[in-house]
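Enquirer: Here it is: the structure, laid out below.
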Amino acid sequence: MTTTFPTVEFSAELLNKYNQGIPRYTSYPPATELNKEFDPSDFQTAINLGNYKKTPLSLYCHIPFCAKACYFCGCNTIITQHKPAVDPYLKAVAKQIALVAPLVDQQRPVQQLHWGGGTPNYLTLEQAEFLFNTITDAFPLAENAEISIEINPCYVDKDYIFALRQLGFNRISFGIQDFNSQVQQAVNRIQPEAMLFQVMDWIRQANFDSVNVDLIYGLPHQNLATFRETLRKTAQLNPDRIAVFNFAYVPWLKPVQKKMPESALPPAEEKLKIMQATIADLTEQGYVFIGMDHFAKPDDELAIAQRRGELHRNFQGYTTQPESDLLGFGITSISMLQDVYAQNHKTLKAFYNALDREVMPIEKGFKLSQDDLIRRTVIKELMCQFKLSAQELESKYNLGFDCDFNDYFAKELSALDVLEADGLLRRLGDGLEVTPRGRILIRNIAAVFDTYLQNKSKQQMFSRAI
């Protein structure tokens, strides 16, 4: 059954009004608030609390290596053609796992394992097997665990795909970005159409449970017509999930982006048309619009979770997993434990040095206050469910003993008057509900509850909403 999504109109004035730098809210507070004054002992305390609660676990491992730079990339990467450079890194990750694993109650179910990058398939099969076994020996996976990996389709063959499936991965994701050759040239990611269809065919033959592909809009030389052609070809691939990300052009943070022709970037008006067409075209193809940038088939777990009001969000994006603790391994990885965020060192040197001293390789972190936890829940509900129940929030955090929802968020509710007048949300007797127009600008709605975004200069740290 096709799920339609109403077309919404934006005036130029409204577009300019809301096209501001805003976090993507994969966490609250955003990762930009992590600081080096963080007390590493809070990391241990958070693990202990999770042990006491028997909180399920998700694991993330960062593989930073890439054969060449993709100019659009905002991830932490190491560009090298020297494969042996990977071995010392894998040994260091193994050391981190050996430090963390004894602290974690083995009775806690590990429901997710994800490898991201970088390019995880930069690893040889022998290296991948070593890392996989190191992780699963220390953290036995639940029988129904989601075990996923990101790949660059330029660097795989049929044997590699089948070996990943045999190793234990049951989900796979790869980036297309755009089928258009001019766009691919501009971003230094050449992926012939025939190759992408061949890789998808191998993945289906290997019987992965779920396949996700990533697209990006806002890249150089893109326009409405060319991107709709990319959408058409993507639908022919028939992935289970499609992520369509708004390109974060932040050359002041990611200098490699300066290699792209800035003059060829589509304006905000064109990007909005692209996003609206994306929603229309993919829903016409039978996909369900999930969150702010994901699409899934109606029988996919993401779509089911959204229908049930059970969709969640963490540093990896939207997930079906309930409240779980996320342990991050490798450089730059972020752990998300109870009321604590902790990020590993960003450089190999600092990462290696810490582990050589048998010290947790934590560079910075953040301990959430009660107010942070409340606001995190509000933002998560808005980003995942597109509605907010004041009664449920009051019950969860005992707000009624001191003040109710309306008192606690009096300032924010007043600020929402403007967004309501612009048609982004509507008030309910028991809270808020986001409109179809508001879903496209959901980051703007969430930002009203972000106390860390008051400093205007911080907006320069984030990509624009449109």
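Heads up, the Cβ atoms here are built off N, Cα and C, so glycines get one too.
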Enquirer: Figure out which of A31, A248, A264 sits with F72, G118, T119, Q177, R189, D214 in the S-adenosyl-L-methionine 2 site per Swiss-Prot.
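Expert: Given F72, G118, T119, Q177, R189, D214 bind S-adenosyl-L-methionine 2 in Swiss-Prot, the matching entry from A31, A248, A264 is A248.
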Enquirer: If Swiss-Prot gives Y60, G117, E150 as binding S-adenosyl-L-methionine 1, which of I304, I334, I362, I374 does it give for that site as well?
Expert: I334
Enquirer: Based on Cα distances to G118 (S-adenosyl-L-methionine 2 binding site), point out the closest of the binding-site residues Y60, C66, C70.
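Expert: Of the binding-site residues Y60, C66, C70, C66 has its Cα closest to that of G118 (S-adenosyl-L-methionine 2 binding site).
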Enquirer: If you measure every Cα to Cα distance among F72, G118, T119, Q177, R189, D214, A248, the residues said to bind S-adenosyl-L-methionine 2, what is the biggest one in Å?
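Expert: This binding site's residues have a maximal Cα-Cα distance of 19 Å.
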Enquirer: For C73 ([4Fe-4S] cluster binding site), which residues in the same chain are close in space, meaning a Cβ under 8 Å from its Cβ, but six or more apart along the sequence?
Expert: K254, V256
Enquirer: Using Cα coordinates, what distance in whole Å links C70 ([4Fe-4S] cluster binding site) and D214 (S-adenosyl-L-methionine 2 binding site)?
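Expert: Just about 14 Å between their Cα atoms.
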Enquirer: Nearest of the binding-site residues to D214 (S-adenosyl-L-methionine 2 binding site) by CA-CA distance, picking from C66, G117, I334?
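Expert: Checked the binding-site residues C66, G117, I334; minimum Cα distance to D214 (S-adenosyl-L-methionine 2 binding site) goes to G117.
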Enquirer: Which residues, in sequence order, are found in the same chain with Cβ within 8 Å of the centroid defined by the Cβ atoms of C66, C70, C73 at the [4Fe-4S] cluster site, excluding those residues themselves?
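Expert: After dropping the recorded site residues, what remains is K68, A69, Y71, F72, C75, T77, I79, G118, T119, R189, V256.
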Enquirer: Would you identify which of the binding-site residues C70, I334 has the most other C-beta atoms lying within 10 angstroms of its C-beta?
Expert: I334
